[in-house]
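Colleague: Below you will find the structure I want to go over with you.
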Amino acid sequence: MGLVGWGLLLGCLGCGILLRARAQFPRVCMTLDGVLNKECCPPLGPEATNICGFLEGRGQCAEVQTDTRPWSGPYILRNQDDREQWPRKFFNRTCKCTGNFAGYNCGGCKFGWTGPDCNRKKPAILRRNIHSLTAQEREQFLGALDLAKKSIHPDYVITTQHWLGLLGPNGTQPQIANCSVYDFFVWLHYYSVRDTLLGPGRPYKAIDFSHQGPAFVTWHRYHLLWLERELQRLTGNESFALPYWNFATGKNECDVCTDELLGAARQDDPTLISRNSRFSTWEIVCDSLDDYNRRVTLCNGTYEGLLRRNKVGRNNEKLPTLKNVQDCLSLQKFDSPPFFQNSTFSFRNALEGFDKADGTLDSQVMNLHNLAHSFLNGTNALPHSAANDPVFVVLHSFTDAIFDEWLKRNNPSTDAWPQELAPIGHNRMYNMVPFFPPVTNEELFLTAEQLGYNYAVDLSEEEAPVWSTTLSVVIGILGAFVLLLGLLAFLQYRRLRKGYAPLMETGLSSKRYTEEA
C-alpha cells in the first residue's frame, strides 16, 4: 500500500467509534479519574509535579471562571445543556496560564508570540487572496488541508456522548473518540450549533453558540486561528497562513471551485467534486443531525458520505458585491439590541448576512456571509455540516478580513460588546463553546495584528476613473442648465398670464421675494 493509501486508512480510522482515550478536550484529561474529579491540570513535561508548568512560572491549576450574567434570546431553559457555563459541566478546574503562555498545560504561547518564554513578538503572518498564491504556495495550502484530513490529532479527542452519558452505561468508560485534525475542525463547528438533547426525538433547537449573535465574528476568528496553528505544526512552517476567497464578486460563479483550487463539479454528477480534485474523495462527518437527536447522542466522527456542492437550478443567484462589503463597513455600531438575527444597523448582523448590507432588516434577504454559504449549497448550506467543505476555510477567512477592517476603522472599546442580554454564548465574557482551555469573546475582540496576522486586502471605496468623474460633472451641469431653462419658461408663462408687473415696487413693502405675488 502506498503512502497515500496508508494516509487514507489512518484518516478513516481516525474518526471511528473508538472509545479511546486537542480538539474538544485533551486526551490526557479524559480518564475516569479526570472526568470524575472534573479537573484538567496536566503536568508540563516528564516531571509529575510540574502541574501547568508551575515550576517554570508558566501557570497554575485554578477554578474555571464563567459568565453568570443573564442572557436573552430564544433559549429559555436552565441546566439542560452541557454548554451552559462552559466548560463547567465537564471540568471546573483547568490550567490558568500567566503572561503570554497558553495551552491546556501552559506549554505553548498565545497567538502572536513565540520563544521559549513566549516573550518575543512573532512576525505577523500574511493572509492573501487565494488567487494570488504561487503554484508552490497553492500546493502547500491544499496539501496541508489534505494532510490534516488524514492525520489523527496528537493531543485532543472528541466526546461522543453528552455530559450525562459521558462515562458510558456502566459509568467507568469515558465515551471519547480520536479524530483527524480537519474533522475535529468540523466537529467544533457542529458542536457549537447542535441542538439541546432533551430525550429521544425531543431536540430543543433554539440555541446557537457561534451564529445569530455578537460571537459570530470572534468564534469563527478563533476557529480559523486554531486550524492555522495546526496546519503550521503539520507542515513545520511557522509562517504558513490561511488564504482567503474574496467572494464579493457579484458573479454567478464560484471562482475557487476549480480543480486547481478547491474542486470543480463532477460532469456526471454536478453535486459531487470532480475526480481530478483531491477533495473528490473527502467524506463528511457530523451531517446526520436528526439521527443524533433521535438517538440522543453526539456526532462520533463516522464518515457519512462524500462532500457535495449543488448549483443545480440556482443559475440566477449571485454572490455579494464589493458595494455590499463597503455598505456593511460603513455601519459604525458593532451590534444592537436584541443582539440577534433581527438586530438592525448592526455591523455584525449585516456581515453575518441577516440584515441587508446597509443594516436594514429584510427577512427575505440573505447577504454577505449567509449568501456565500447559500450560493455554494450542498454540504456548505447547513451550519452543522458546512465546515466539511474546504471552501468554508477561505470563505470565513474573507469574512474575518471584513471584521478586521471594521475594527481598524472604528477602534471600538470593549464596551461596544454587550456584557449581558445577548443570546446564550454571546455575552462579552462568555467562554466560547467548545474551545478548551476556555477563551472568552472579549479576548478575540482585537485587531488581527494583535493576534499575529494581517490581511493583504483593500476594502476601501474604489476611486472612479477620471473619464467617469468628468462625465458625471458634465451631466450634472447639463441637468442644472435644463432645469434653469424650465424654470425661466415657467416664470415667463405666469407673467404673461397675469400681465406685466415691475420686478420691484418703488414703495416700501413687507412682501418677501419667496412669497406668492
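Even glycines carry a Cβ here, placed using N, Cα and C.
In case it helps, Swiss-Prot gives these features for our protein:
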SIGNAL    1-23  signal peptide
TOPO_DOM  24-472  topological domain 'Lumenal, melanosome'
CARBOHYD  ASN92  N-linked glycosylation site
CARBOHYD  ASN170  N-linked glycosylation site
CARBOHYD  ASN178  N-linked glycosylation site
BINDING   HIS189, HIS211, HIS220  Zn(2+) A binding site
CARBOHYD  ASN237  N-linked glycosylation site
CARBOHYD  ASN300  N-linked glycosylation site
CARBOHYD  ASN342  N-linked glycosylation site
BINDING   HIS369, HIS373, HIS396  Zn(2+) B binding site
CARBOHYD  ASN377  N-linked glycosylation site
TRANSMEM  473-491  transmembrane segment
TOPO_DOM  492-517  topological domain 'Cytoplasmic'
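Help me picture these features in the structure, burial and contacts included.
Modeller: Mean pLDDT for the topological domain 'Lumenal, melanosome' (24-472) in this predicted model: 95.
Around the Cβ of ASN92 (N-linked glycosylation site), the number of neighbouring Cβ atoms within 10 Å comes to 15.
Taking Cβ-Cβ distances under 8 Å and a sequence gap of 6 or more within the same chain, ASN170 (N-linked glycosylation site) has no neighbours at all.
A simple way to gauge crowding: the CB of ASN178 (N-linked glycosylation site) has 23 other CB atoms within 10 angstroms, across all the protein chains here.
HIS189 (Zn(2+) A binding site) falls within a helical segment according to DSSP. If you take the C-beta of HIS189 (Zn(2+) A binding site) and look for same-chain residues 6 or more apart in sequence within under 8 angstroms, you find SER210, HIS223, PRO383, HIS384, ALA386, ALA387.
Counting every protein chain shown, the Cβ of ASN237 (N-linked glycosylation site) has 13 other Cβ atoms within 10 Å.
Annotation note: ASN300 (N-linked glycosylation site) sits in a coil segment as assigned by DSSP. Counting every protein chain shown, the Cβ of ASN300 (N-linked glycosylation site) has 22 other Cβ atoms within 10 Å.
Cβ contacts within 10 Å of ASN342 (N-linked glycosylation site), excluding its own Cβ and spanning all protein chains shown: 15.
Taken residue by residue with DSSP, HIS373 (Zn(2+) B binding site) is part of a helix. The Cβ neighbour count for HIS373 (Zn(2+) B binding site), using a 10 Å radius over every protein chain in view, is 22.
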Colleague: Around the Zn(2+) B site (HIS369, HIS373, HIS396), what further same-chain residues have their C-beta within 8 angstroms of the site's C-beta centre?
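Modeller: Checked against the 8 Å cutoff, the neighbours are HIS220, GLY353, LEU368, ASN370, ALA372, ALA386, PHE392, LEU395, THR399.
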Colleague: To the nearest Å, how far is the Cα of ASN178 (N-linked glycosylation site) from the Cα of ASN300 (N-linked glycosylation site)?
Modeller: 9
Colleague: Can you figure out which of HIS211, HIS220, ASN237, ASN342, ASN377 (the recorded positions) comes closest in space to HIS396 (Zn(2+) B binding site), comparing Cα atoms?
Modeller: HIS220
Colleague: Sequence gap of 6 or more, C-beta under 8 Å: which same-chain residues meet both conditions with respect to HIS220 (Zn(2+) A binding site)?
Modeller: SER210, HIS396, THR399, ASP400
Colleague: For HIS220 (Zn(2+) A binding site), which of the three DSSP-derived states applies: helix, strand, or coil?
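Modeller: Where HIS220 (Zn(2+) A binding site) sits, the three-state DSSP reduction gives helix.
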Colleague: Can you give me the residues near the recorded Zn(2+) A site, meaning same chain, not HIS189, HIS211, HIS220 themselves, Cβ no more than 8 Å from the center of the site's Cβ atoms?
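Modeller: For the Zn(2+) A site, the extra neighbours are SER192, VAL193, SER210, PHE216, TRP219, HIS223, PRO383, ALA386, ALA387, HIS396.
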